[in-house]
Amino acid sequence: MTRLILATRNAGKITELHAILADAGLDLDLVGADAYPEIPDVKETGVTFAENALLKAHAMARATGLPAVADDSGLAVDVLGGAPGIFSARWSGTHGDDKANLDLLLAQLADIDAPHRTAHFACAAALALPDGTERVVEGRLHGTLRHTPAGTNGFGYDPILQPDGHTVTCAELTPAEKNAISHRGKAFRDLAPVVRELLG
Ligand code: ITT
């Protein structure tokens, strides 16, 4: 079976990607970057989600000699001009501290009322092959930000984003409900046929 590396060390993303890619009918041996602890994390020097997703996918494909997919994603808040955006994982200064990132964002938005609390999750899904072939697609999930977190599912900013058309936050949706509407679900469902075509 063809091996496809999931070029991420974010446990929340890995769980979602397994479900999304399996539902998309990809019959591949999916292996997370944790299986390659000796490969260093690539510096996210890009200024767009697509650039960073491609950087991560290419680094892993080059280092392993295997095809790799990567996800670069984040929360874009309209009143903050799209921030935290590509800085979502490191907004509070400590990379990957979901609680500190969320608490800082809520404090920054404390005086902003509902009509102006619009935001979206964005995800760039990239595929890179060892020969340098690359593809990237993007997905979004629009919603509004709550004043207080609710729900325990998911990760990151899920407890504060209420998707448009819903009355609960992403963290109150089941994993399947979130994947059906999420930025990540949309991007990787669009990437799946490309993966199938290029990997056979
Ligand atoms: P990798 O680079 O190893 O994939 P990372 O967590 O550093 O892991 P990113 O640079 O793409 O990944 O940052 C993504 C951040 O955006 C993540 O840490 C969350 O804070 C936020 N985020 C992305 N998707 C999310 C989702 O579905 N729900 C909640 N927050 C999300």
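Glycine too: its Cβ is placed from the backbone N, Cα and C atoms.
Lifted from TrEMBL, the feature list:
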type	residues	note
BINDING	THR8, ARG9, ASN10, ALA11, GLY12, LYS13, SER73, PHE155, GLY156, TYR157, ASP158, LYS178, HIS183, ARG184	substrate binding site
ACT_SITE	ASP72	active site, proton acceptor
BINDING	ASP72	Mg(2+) binding site
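Note: ASP72 (active site, proton acceptor) has non-local neighbours GLU44, GLY46, PHE49, ALA50, GLU51, ASN52, ALA53, LYS56, ILE86, CYS123, ALA124, ALA126, i.e. same-chain residues 6+ apart with C-beta under 8 A of its own C-beta.
Looking only at other Cβ atoms within 10 Å, the busiest spot among the binding-site residues GLY12, GLY156 turns out to be GLY156.
Across the residues the record lists as binding substrate (THR8, ARG9, ASN10, ALA11, GLY12, LYS13, SER73, PHE155, GLY156, TYR157, ASP158, LYS178, HIS183, ARG184), the two Cα atoms farthest apart are 20 Å from each other. Highlighted here are the recorded positions (THR8, ASN10, GLY12, ASP72, GLY156) whose C-beta falls below 6 Å from ligand 1: THR8, ASN10, ASP72, GLY156, in sequence order. In the three-state DSSP classification, SER73 (substrate binding site) falls within a strand. Sequence-distant neighbours of SER73 (substrate binding site): residues of the same chain at least 6 apart with a C-beta under 8 Å from its C-beta are LYS13, PHE49, SER88, PHE121, ALA122, CYS123, ALA124, HIS183, ARG184.
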